[in-house]
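Straight from TrEMBL, the features:
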SIGNAL    1-22  signal peptide
DISULFID  Cys25-Cys104  disulfide bond
Amino acid sequence: MVQATPFLLVLSLVLGAHSLSAKKCSLTGRWVNDLGSNMTITSMNAKGDFSGSYHTAVTATMNEIRVSPLQGSLQRTNQKGQPTFGFTVNWSFSDSITVFTGQCFLDEDGKEILKTMWLLRSHVDSIKSDWKATRVGINVFTRLESQK
Ligand code: BTN
């Protein structure tokens, strides 16, 4: 029994370390970003193609905000559980498109966090106005509470 204690201690450390390193960042589920926008990723196939919906909290237009579809792709090569990804939101209530690119990280507490950059392309009436048609920014997403 005296020798069993250090053995159990080492075993629990090994198992604990393994479960931490084995944890992977997964995109499926519900997310909220720093602007208060909500995103749900519902389906992911074996190739890493995914789809879902996006409810933005803000708009560059005067239009009434509506939930909009998103489609994306997860990179699955040598990602060590923290994969890169990209997705497009085709806004239902405006003539704009946003593309996001980012990486799914596990922070030091094992919490998932999506660090993204986006380009929002708005429609303009002529090529003369092209210079003002694209906005750029960053968004940080965290998993909504009560989600795994
Ligand atoms: C539009 O205004 O034409 C469509 C909505 C754009 C919302 C942008 S996309 C980037 C940023 N992140 C969000 O969650 N919402 C804004």
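Cβ coordinates come from backbone N, Cα and C, glycine included.
Long-range Cβ contacts of Cys25 (disulfide bond) within its own chain (separation 6+, distance under 8 Å): Gly81, Gln82, Pro83, Cys104, Phe105, Leu106, Glu112. Cβ neighbours within 10 Å of Cys104 (disulfide bond), excluding its own Cβ and spanning all shown chains: 21.
Mapped onto three states, the DSSP output places Cys25 (disulfide bond) in coil.
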